[in-house]
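Enquirer: Annotations for this protein, taken from TrEMBL, read as follows:
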| type | residues | note |
| --- | --- | --- |
| TRANSMEM | 7-25 | transmembrane segment |
| DOMAIN | 8-133 | domain 'EamA' |
| TRANSMEM | 31-53 | transmembrane segment |
| TRANSMEM | 65-84 | transmembrane segment |
| TRANSMEM | 90-110 | transmembrane segment |
| TRANSMEM | 122-141 | transmembrane segment |
| DOMAIN | 144-277 | domain 'EamA' |
| TRANSMEM | 147-164 | transmembrane segment |
| TRANSMEM | 176-197 | transmembrane segment |
| TRANSMEM | 203-223 | transmembrane segment |
| TRANSMEM | 235-253 | transmembrane segment |
| TRANSMEM | 259-279 | transmembrane segment |
Amino acid sequence: MQNETKYSFLIIIATLSWGITFPLIKISREYMSPVIFLAIRFLISTIVMIPFIKNRSDLTGLRQGFIAGFFLFLGYYFQTIGLYFTTPAISGFVTGLYIVLVPVIAYLIFRQRISKSDLSAVTLAFVGLLIITVGEVSNFSLQLGDLLTFICAVGYAMQIIYVSRNNKLDMVKFTFFQMAAVSLYSTIAIPTFKIYFNFSSPILIFTIAFTAIFAGVVAYFITNKALVYVKPEKASIIMVSEPVFAAIFSVILTGIPLSYYTIGGGALMVIAMLMTIVLV
């Protein structure tokens, strides 16, 4: 229980780092194709991890890492494509559906039941996410982008569940293979997007470095390690608070005030996040 609480807080730190990247990546898209950005970001993550790998000739975890990396790539790739056909608000909501998909998929495939307290927290976080979305969208109709983004949500959900099911592996090596896999898959997918890049931008260089090291190596190692002790549905409740942190840092960077919907919905998501830590 003590480990679960400690690693729950570490997941919050990882989620905080992902929230910081939202406004940074949005700016960086002006200077580089999003898939090239992913390929370079995770390539740097892979290189940074090399000194921490023990017994480099042992490839145990290679297959599992590449499978987890595939699910993670699906999340990033289809979220990127979906944004071309839907609004950021709807994209954020549909992506956040992984909070519901995690317990559903875990039950359907592994018959893993969810506790009443976790179900309450999932429901509260979902309502908070819905409130934030309602504040940004006046009307909603199902579009191609929403379906593509739903694939992204499935990818993120499967990544969380798969990592949790392979928690006996060396997580340093597992994370290394996962980062390498995302970089490889992203490189293969580069031709599917318009190719452009401009390395003269300081904000682009900073964003690549930050997302590769802190929001990449550090954040994914923390969450992969945490899933040894924290149930996937609990972890997903914490991770889905990413838009809340993104909104806060957007205010800091751009000065645009938060709406009442964002404040109210965000408060519910924070309460849900705290419930997962207190009600262990």
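Every residue, even glycine, has its Cβ placed from backbone N, Cα and C.
TrEMBL does not curate its annotations; it predicts them automatically.
Note that the structure is a prediction, hence the values are computed from the model and not measured.
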Enquirer: Would the transmembrane segment (176-197) count as touching the transmembrane segment (31-53), i.e. at least 3 C-beta pairs under 8 angstroms with sequence separation of 6+?
Expert: yes
Enquirer: Please figure out which one of 7-25, 203-223, 235-253 racks up the most CB pairs under 8 Å against the transmembrane segment (90-110).
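Expert: It is 235-253 that shares the most Cβ pairs under 8 Å with the transmembrane segment (90-110).
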Enquirer: Under DSSP, the domain 'EamA' (144-277) has how many residues in helix, strand and coil?
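Expert: Taking the domain 'EamA' (144-277) as a whole: 108 helix, 1 strand, 25 coil.
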Enquirer: Using Cβ distances below 8 Å and needing 3 or more such pairs, separated by at least 6 in sequence, tell me whether the transmembrane segment (7-25) contacts the transmembrane segment (147-164).
Expert: no
Enquirer: Report the listed stretch (65-84, 147-164, 259-279) having the maximum count of Cβ pairs within less than 8 Å of the transmembrane segment (235-253).
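Expert: The listed stretch sharing the most Cβ pairs with the transmembrane segment (235-253) is 259-279.
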Enquirer: So what's near the transmembrane segment (147-164) in sequence-distant terms, Cβ-Cβ under 8 Å and 6+ beyond its ends?
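Expert: Counting only partners 6 or more residues beyond its ends, the transmembrane segment (147-164) has Cβ contacts under 8 Å with 64, 67-68, 71-79, 81-83, 85-86, 90-91, 94-98, 101-102, 105-106, 109-110, 174, 223-224, 227, 231-232, 235-236, 239.
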Enquirer: State the mean pLDDT for the domain 'EamA' (144-277).
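Expert: Its mean pLDDT is 90.
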